[in-house]
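Here's the structure we're looking at; comments come further down.
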Amino acid sequence: MDHFNYVDGWLHAEEVSLSRIAAEVGTPVYVYSTATLTRHFRLFQQALNWTDHLVCFAVKANSNIAVLKLLGDLGAGMDIVSAGEYARARAAGVPGERIVFSGVGKTETEMRMALEGGIRQFNVESEPELEVLSRVAVSMGVEVPIAVRVNPDVDARTHEKIATGKSENKFGIPIARAREVYANAARLPGIKVVGLDMHIGSQLTDLEPYRQAYAKMADLTRALRADGHQITRLDMGGGLGIPYRRDNNAPPLPIEYGQVIRDAVGDLGCEIEIEPGRNIAGNAGILLSSVIYLKEGEGRDFLILDAAMNDLIRPAMYSAHHDIVPVREAAPGTDVAPYDVVGPVCETGDTFQKGTQLPTLAPADLVALRSAGAYGAVMASEYNSRPLVPEVLVNGDQFAVIRARPTLEEMLGRDTIPEWL
Ligand code: LLP
């Protein structure tokens, strides 16, 4: 459920008409709903209310500081993967003890920054990383709490570019080597083993891969305890999928996911951490865009929008589907026609959808690309020298620009011409 609905014939974000936002901020623009973000975060809290837990929002899904503050104020922890994400979480007021550091290629500088600023735990993904972390911790005179990310070799049954839990993927250490790596970790100075971590992929629409991975996690936890390690935290990763099509079967709910966790590891007495990103932010955002032209092609009509692949890359990158709806509600019985909905960027891949049934639209009419709150703005670029798309946060009947549209001067101002040129 989200909070983007038609009111008096116009699509609203909560109580704010999207046409008002378009008039005041311009398009394209991302629009997020506070009520939806709050609701989705709380669903995960409820799903784990049977035990001690921390819901760490995966910052990579939506890293706007206002969004992070909203979630942080509700009690969220943060799952971060870079110095930039760490800085964003801290700028949003999230304390270090609620920040988990994931990622396959943490640099020494990033480790130092997190250790100086405060960190809950590092999710270590390789033995070389473990050694560097030990050295950095010793040089700073601190002890670092760690979990090792283990690759369970489970098929997440999702798009190949976002599956992470098979042995051929770069993530984590092979499960067969886990006990040996934990034994090494326990011997390293500055390292304190506290937990075990897994993340098998993103946009999972089936609970079975989780069952398989978490069963392996439970077995491994028992084995590690038998080896003498104190495993008190289990980080179950993120990845629960969202419905991208309104008319489709919805993926499992957070409450069902929470039950899978409970069934698998509930008897181990561990604190549970999860790292959902898409499920919290995805359906809490839309990309609002205007029609620039309608163009008759050979046997097809193109709807040319002012949003493009640089603003929302998911269709071009993963052949992802985002529902496209007119902001002015079509009256019942209105004729619809198929359009290829495209952006102005000079690539054929700049196509949001082909053959979408839409009512007749005219230049300046508004459309919304739904389910764009996660992996939308964060993956935007300035390709074709299009300034980064702005972001707006709605709360009830108010809204605020939480990232302004850069001016051309700001965009150009980052380049410099060397004096010898
Ligand atoms: N934890 C770790 C270690 C991750 O790598 C990820 C996502 C998450 C948590 C959050 O997963 P989520 O709950 O959002 O599925 N750009 C792609 C998605 C990439 C996901 C990368 N890792 C997309 O647009 O579909």
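Counting begins at 1 with the first residue displayed.
Glycine is treated like the rest: Cβ placed from N, Cα and C.
Source: prediction; values computed, not measured.
For reference, TrEMBL has these:
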| type | residues | note |
| --- | --- | --- |
| DOMAIN | 35-281 | domain 'Orn/DAP/Arg decarboxylase 2 N-terminal' |
| MOD_RES | Lys60 | N6-(pyridoxal phosphate)lysine |
| BINDING | Gly239, Glu275, Pro276, Gly277, Arg278, Tyr375 | pyridoxal 5'-phosphate binding site |
| BINDING | Arg278, Arg314, Tyr318, Glu347, Tyr375 | substrate binding site |
| ACT_SITE | Cys346 | active site, proton donor |
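Sequence features, as recorded in TrEMBL, placed on the structure.
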{"residue": "Lys60", "record": "N6-(pyridoxal phosphate)lysine", "Cβ contacts under 8 Å, 6 or more apart": "Val81, Glu85, Gly277, Tyr375, Val378"}
{"residue": "Gly239", "record": "pyridoxal 5'-phosphate binding site", "Cβ contacts under 8 Å, 6 or more apart": "Ala156, Thr158, His199, Ile200, Gly201, Ser202, Gln203, Leu204, Tyr210, Pro276, Arg278"}
{"residue": "Glu275", "record": "pyridoxal 5'-phosphate binding site", "Cβ contacts under 8 Å, 6 or more apart": "Cys56, Phe57, Ala58, Asp79, Val100, Ser102, His199, Asp235, Met236, Gly237, Gly238"}
{"residue": "Arg314", "record": "substrate binding site", "Cβ contacts under 8 Å, 6 or more apart": "Ala320, His322, Ala372, Tyr375, Gly376, Met379"}
{"residue": "Tyr318", "record": "substrate binding site", "Cβ contacts under 8 Å, 6 or more apart": "His159, Lys161, Ile162"}
{"residue": "Cys346", "record": "active site, proton donor", "Cβ contacts under 8 Å, 6 or more apart": "Asn384"}
{"residue": "Glu347", "record": "substrate binding site", "Cβ contacts under 8 Å, 6 or more apart": "Met309, Ala316"}
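Other residues of the chain with a Cβ within 8 Å of the Cβ centroid of Gly239, Glu275, Pro276, Gly277, Arg278, Tyr375, the pyridoxal 5'-phosphate site, are Ala58, Lys60, Ala61, Ser202, Gly238, Leu240, Asn279, Ile280, Ala281, Ala374. The binding-site residues considered are Pro276, Gly277; of these, Gly277 has the fewest other C-beta atoms within 10 angstroms of its C-beta. With a 10 A radius on its CB, Tyr375 (pyridoxal 5'-phosphate binding site) counts 25 other CB atoms from all the protein chains. Just so you know, the Cβ of Arg278 (pyridoxal 5'-phosphate binding site) picks up 26 other Cβ atoms within 10 Å once every protein chain is counted. Ligand 1 lies within reach of Arg314 from the recorded positions Arg314, Cys346, Glu347, judged by a C-beta closer than 6 angstroms to any of its atoms. Considering only the residues assigned to pyridoxal 5'-phosphate binding, Gly239, Glu275, Pro276, Gly277, Arg278, Tyr375, the longest pairwise Cα distance works out to 15 Å. Between the two most distant C-alpha atoms of the annotated substrate binders (Arg278, Arg314, Tyr318, Glu347, Tyr375) there are 27 Å.
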